[in-house]
């Protein structure tokens, strides 16, 4: 696999403390605020007119929760990310035509949110392991483009 045993345990130890529902909504919300061009994929989500509107939007929270539950699932199959995300890759790439660059942006936002939530616990080695994971997931999601 692309993660060492040590990195896997760092990732899993922190993940066991993550409130997936809350962090998912915050990560997706921040993506839409920080990178406003990503909003075009979410036009059916209602009010995205301001940071407050986005962060309080129920549909954004619900989709963020779905996104992070999938990510959680990916962590359980860390050595087969391509297989785990094949269906979602097809949906996002073929049907929704999401630019794969956006998966990288969301991964980086997720890392920021984790750093924000966990503070000192989010040590440089933990961050390094998570950067590898989000890059791996983004890569797996972009797989259908190649």
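These residue numbers are counts, starting from 1, taken along the chain as shown.
Cβ atoms are placed via backbone N, Cα and C, with glycine included.
Note that the structure is a prediction, hence the values are computed from the model and not measured.
As annotated by Swiss-Prot, heme b binding site applies to 63, 92. A helical conformation is recorded for residue 63 (heme b binding site) in the three-state DSSP classification.
Shown for the domain 'Globin' (2-146): DSSP residue counts in helix, strand and coil, namely 119 helix, 0 strand, 26 coil. The domain 'Globin' annotation in Swiss-Prot covers 2-146 and is backed by sequence analysis.
Taken from Swiss-Prot, the feature phosphoserine covers 44. The C-beta environment of residue 44 (phosphoserine), restricted to residues of the same chain at least 6 apart in sequence and closer than 8 Å, consists of 59.
If you look up Swiss-Prot, you'll see 59 (among others) marked as N6-acetyllysine, on the strength of similarity to another entry.
Annotation source Swiss-Prot lists N6-acetyllysine at 82 (among others).
Per Swiss-Prot, the feature S-nitrosocysteine maps to 93.
Under the heading N6-acetyllysine, Swiss-Prot lists 144 (among others), citing similarity to another entry as support.
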